[in-house]
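Some features that Swiss-Prot has for this protein:
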type	residues	note
SIGNAL	1-32	signal peptide
TOPO_DOM	33-71	topological domain 'Extracellular'
CARBOHYD	N41	N-linked glycosylation site
TOPO_DOM	155-167	topological domain 'Extracellular'
CARBOHYD	N157	N-linked glycosylation site
TOPO_DOM	223-228	topological domain 'Extracellular'
REGION	251-270	region 'Putative calmodulin-binding region'
DOMAIN	393-493	domain 'Calx-beta 1'
BINDING	D453, D479, E483, E486	Ca(2+) 4 binding site
TOPO_DOM	893-903	topological domain 'Extracellular'
TOPO_DOM	963-970	topological domain 'Extracellular'
Amino acid sequence: MLQFSLSPTLSMGFHVIAMVALLFSHVDHISAETEMEGEGNETGECTGSYYCKKGVILPIWEPQDPSFGDKIARATVYFVAMVYMFLGVSIIADRFMSSIEVITSQEKEITIKKPNGETTKTTVRIWNETVSNLTLMALGSSAPEILLSVIEVCGHNFTAGDLGPSTIVGSAAFNMFIIIALCVYVVPDGETRKIKHLRVFFVTAAWSIFAYTWLYIILSVSSPGVVEVWEGLLTFFFFPICVVFAWVADRRLLFYKYVYKRYRAGKQRGMIIEHEGDRPSSKTEIEMDGKVVNSHVDSFLDGALVLEVDERDQDDEEARREMARILKELKQKHPEKEIEQLIELANYQVLSQQQKSRAFYRIQATRLMTGAGNILKRHAADQARKAVSMHEVNTEVAENDPVSKIFFEQGTYQCLENCGTVALTIIRRGGDLTNTVFVDFRTEDGTANAGSDYEFTEGTVVFKPGETQKEIRVGIIDDDIFEEDENFLVHLSNVKVSLEASEDGILEASHVSTLACLGSPSTATVTIFDDDHAGIFTFEEPVTHVSESIGIMEVKVLRTSGARGNVIVPYKTIEGTARGGGEDFEDTCGELEFQNDEIVKTISVKVIDDEEYEKNKTFFLEIGEPRLVEMSEKKALLLNELGGFTITGKYLYGQPVFRKVHAREHPLPSTIITIADEYDDKQPLTSKEEEERRIAEMGRPILGEHTRLEVIIEESYEFKSTVDKLIKKTNLALVVGTNSWREQFIEAITVSAGEDDDDDECGEEKLPSCFDYVMHFLTVFWKVLFAFVPPTEYWNGWACFIVSILMIGLLTAFIGDLASHFACTIALKDSVTAVVFVALGTSVPDTFASKVAATQDQYADASIGNVTGSNAVNVFLGIGVAWSIAAIYHAANGEQFKVSPGTLAFSVTLFTIFAFINVGVLLYRRRPEIGGELGGPRTAKLLTSCLFVLLWLLYIFFSSLEAYCHIKGF
């Protein structure tokens, strides 16, 4: 399980934290060498103080100097309360990150005009991924640290404190060393994860190191011990400057600005693809909000319009192939599973392999830690249940309808002219089946006429109690006249329901529209195929579209205007842009033999599925000249005398066909009609024989209108649409978002199973573990409380965003007071408490989020790419905003905002040196012998993780030594 998968190095680090904290709290009392360097400022003291100060919210716990036992009790209460507050912050931060995921997933529709004049509509994300990661995403993951710094300054009469800035620096150290060490270690042996957007990583890493270097400059170089207004404001304004630089790197706007580019509508997902090269000869125009933007105009490079480069194009194609493989393998792997289980497995696998944001991993980690379960599996199960339930509702809704529907089973019927009668089925569905229902029917002429082509029929059908199906018959009149296919109509009308039966058994019927009515179809069309002709053979249509996943394609060859005699029709496939021989389809040829009265046959062609996302290839299917089976011989005779002939059991043009008996010489009967040419030359025909010959020729089978069928092979529509849905990132916003307060309260009180270790896709619901129950009951108060936060559906996530950040600020104020009171209770300095305990508490959710991202994501960006950007944002927002407010306040009162440079400047310098080492090692790991920033051979993983953990321990150790004046700072 995720919650028990911390590495041994990280566990060892946690133990060392406690040892270091206890060591320095005792050294504080054992050592006598202390100095007082500041004036009333605690940062200048070399020892902690047992005397606590009033917090922003919490009062002082009196008396100030309790006994040793009371100190232990108080420290325990403060520590437990602080941990509980950290749990609360994690849960409300989960809601906060959900709102951010929804906000950054917003899309806008644009229209692409192609050079040929065609237009297509597609959607693009409003938020650039890099911009959202550095603004809302970073704010979401670092909100407690940022708000703690601001609240501490504003809550203590705009004076500088140690807790906020030290928490920011300590959190940065924890993120840079411990989180990256964990991510390096948890990747399976032999696997690697590389940073995909290396340019963005370089920019954010440089800004991260610069941010802490800048802190040292304003504290110790520019104006030692004083933060001026311009320094505070410039620190804050570095934040948007950093975002712009990262966006420029992501969009390649510096060097690439001077390279001509062209844009085309990409085949994948309808996205816009960027190409670099020569000036294009034609323009692709793009409409956004009604404005047309030319393809090579610089302003086209808007971050809101997510232009995809070829690299992304290839990645999407690979992802689609992977999705197609999953869809095909699931049914083969689990043929015994029911539809709900298969849907759940497919949804889970697809969601698991999607590219995810930092916000998603943070939400997933928090919910797994607090017993809320795996949101991907829960969403997949919910979707499966909805799909199955909708199917059941659609099939059962008619059965539960209170009104009986009366309708024909099908809207069209076909029959041959010699069939005698045609049967039509009437269905009764829904309503009270104990009633007796009457419905009238009546035939109506179409191209067929009553009396000459069919028998006029009308009457009433009675559905007795319990009966749901009735059959009516209409007589068909056969003649020997060649005719086109004809049709007539049969109408249903006048539905009546029997309310009661009289004593003599006669049913009394009345119109009750609330009990029964006509359904659809209430009119049936009957087509009569003429059987006096050998037939006209044709395809249904000249062009047909088939999916490449169809497997065996079946094409109908129709026999119209007659069905008399046995006829052979040859057929064959012809290559077009699609290739035969098993490449796109298998070559097929042969003959169709239509038996007497048979009106349709099918040709089967195997289509090869090569899993192309978009496909448009053609081949042709052609039928040849039809021939009667008997006319394949030299003579075709119509006989009405036996003589020296024997009956064959076959018919030609309505007459029995005879065959001459060998070794018997009889004169040719006078009634023989010859069709062979040799007899035409020797024997003139009478007018009667000529008429019979003409009729016989008219009855020969011929080809119809569509003798050549164009077959267009396309990608499977279901396959294409499914893949599009699976790979679309915005689905994750639906997974983490909520639609109603009811849904939120149900989630709050429900305990769910955490992560599976084996992930064996068993399809069986996993029961919550003991850990899940314990964490659920520990956090249920926070879950229910924060269920009152508006759902992410409202205001596109902004309502949830605003309320959540206010809640985080309130809890952070409590955490600041508890941490400060905990420190003074055990005489631990605020700076040490912040660097060790507070930084650790605020970073635990990020630790688990990075661990999940490192193991599940294809790249290292989601796990460690956000660390550097978050560190820079912490300084520019957390310290920049707080110090700007304080500096302006003091300047307005004619005072200076004093900040002791000692401990903070030393910590910043130490962190900066270690950060250079960290980034250098990560870049070295990209060499071929290791292959990426994360993972790699076991030895390399272990050495890297141990080095980073050692850097963090050294940072804690030296910062604590400096705080207690055992080594000299700045």
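Yeah, the Cβs are placed from backbone N, Cα and C, and that goes for glycine too.
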- Other CB atoms, at most 10 A from the CB of D479 (Ca(2+) 4 binding site): 13
- Determine the mean pLDDT over the topological domain 'Extracellular' (223-228), rounding to the nearest whole number. 85
- Message: Tell me the coarse DSSP state (helix, strand, coil) of D453 (Ca(2+) 4 binding site).
- Response: coil
- Item | Beyond the flanks of the topological domain 'Extracellular' (155-167) by 6 or more, those residues with Cβ under 8 Å of it | 41-43, 55-56, 145, 148-149, 227, 813, 816, 819-820, 829-831, 833-835, 838-839, 842, 878-879, 882-883, 885-886, 889-890, 897-900, 903-904, 907
- Item | DSSP three-state assignment (helix, strand or coil) for D479 (Ca(2+) 4 binding site) | coil
- Message: With DSSP assignments reduced to helix, strand and coil, which class does N157 (N-linked glycosylation site) get?
- Response: coil
- Message: Is it possible to get the count of other C-beta atoms within 10 angstroms of the C-beta of D453 (Ca(2+) 4 binding site)?
- Response: 21
- Query: When you scan the chain for residues with a C-beta under 8 Å from the topological domain 'Extracellular' (223-228), skipping those not six or more beyond its ends, what do you find?
  - Reply: 160, 883, 886-887, 891, 896-901
